[in-house]
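Copied from TrEMBL, the annotated features are:
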TRANSMEM  26-49  transmembrane segment
DOMAIN    41-290  domain 'G-protein coupled receptors family 1 profile'
TRANSMEM  61-78  transmembrane segment
TRANSMEM  98-120  transmembrane segment
TRANSMEM  132-152  transmembrane segment
TRANSMEM  197-225  transmembrane segment
TRANSMEM  237-261  transmembrane segment
TRANSMEM  273-292  transmembrane segment
Amino acid sequence: MELWNTTLESGFILVGILNGSSSPELLCAIVTALYILALTSNGPLLLVITVDARLHVPMYFLLRQLSLIDLLFTSVVTPKAVMDFLLKENTISFGGCALQMALALMLGSAEDLLLAFMAYDRYVAICHPLNYMIFMSPTVCWFIVSTSWIMASLTAVGHTVYTMHFPFCMSQEIRHLLCEILPLLKLSCVDTSQYELMVYVTGVTFLLLPLSAIVTSYTLILSTVLHMPSNEGKKKALVTCLSHLMVVGMFYGAATFMYVLPSSLHSTKQDNITSVFYTIVTPALNPLIYSLRNKEVIGALRRVLGRYILPAHPNI
């Protein structure tokens, strides 16, 4: 128990993927580039959807929430990891670890739920277009977003408080990219098997159930698309659906590996690589896949730039 008291005072040591890599400088550059990409794609998207009245429709309302979550999610993890590597300072306080865990859990869980609601939005838009504004009214949209944030917040606070109450006396080293439940439980000097089962149940609830809803929605969408008379319309819809499913698969696949598969199938290296996908890679790719290839978004971006940026620089 003496080491537990030391942990409360001095915190933990994060030994993440950058420290254990064979080419840490290259990996650090890639992670930094992905973070910059996430900032420069999600930031303008948030601005454009907020400012341009033509994008004040349910689909873009949900996309704005996704961009906000991605921007916050990657910012909770990436700057800390990069700065730790550059400064050779890998410590994190007990309170800082708890805060990072709570924020990461909240944002990850909110994204789990929001992606499922976004798939439902596309299902209604394509399969029931005449009833779209009934099924996706402003009230429904706010209910969807509120439900995602409230459920995610309650789950994150509950799991963080319970995880951090365990005595940690095995080591101070967290061999992971960030403070997460399972890597921390490995440091506990008491039996955590019952709690790990609770984490598994939460993982199934927040990952497999929304994933089932997404698969069902896109199956119905594809069934409707294949009956479209226009080949061009079919091609466009298929490309859009496949690109969405690629990002969804990457996010849910990585998170499912981390939180649903038995811990006996995990290794430290695999967990580190897996966490990179849902905390760094998908936040950078989501706006590119969901929005920035969209003509409406590109048009809105040009209008916003023309209204607020170009008038301030008439010589451009």
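Glycine residues also receive a Cβ, built from the backbone N, Cα and C atoms like all the rest.
Note that the structure is a prediction, hence the values are computed from the model and not measured.
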Taking contact to mean 3 or more CB pairs closer than 8 A (sequence separation of 6 or more), are the transmembrane segment (197-225) and the transmembrane segment (98-120) in contact?
yes
Note: vs the transmembrane segment (26-49), the recorded stretch with the largest number of Cβ pairs under 8 Å from 61-78, 98-120, 132-152, 237-261, 273-292 is 61-78
If one takes Cβ-Cβ under 8 Å and requires six or more residues beyond its ends, the residues near the transmembrane segment (237-261) are 108, 111-112, 115, 119, 122, 126, 180-182, 199-200, 202-204, 206-208, 210-211, 214, 218, 221-222, 225, 228, 270-271, 274-275, 277-278, 281-282, 285-286, 289-290, 293
Please work out the mean pLDDT for the residues of the domain 'G-protein coupled receptors family 1 profile' (41-290).
88
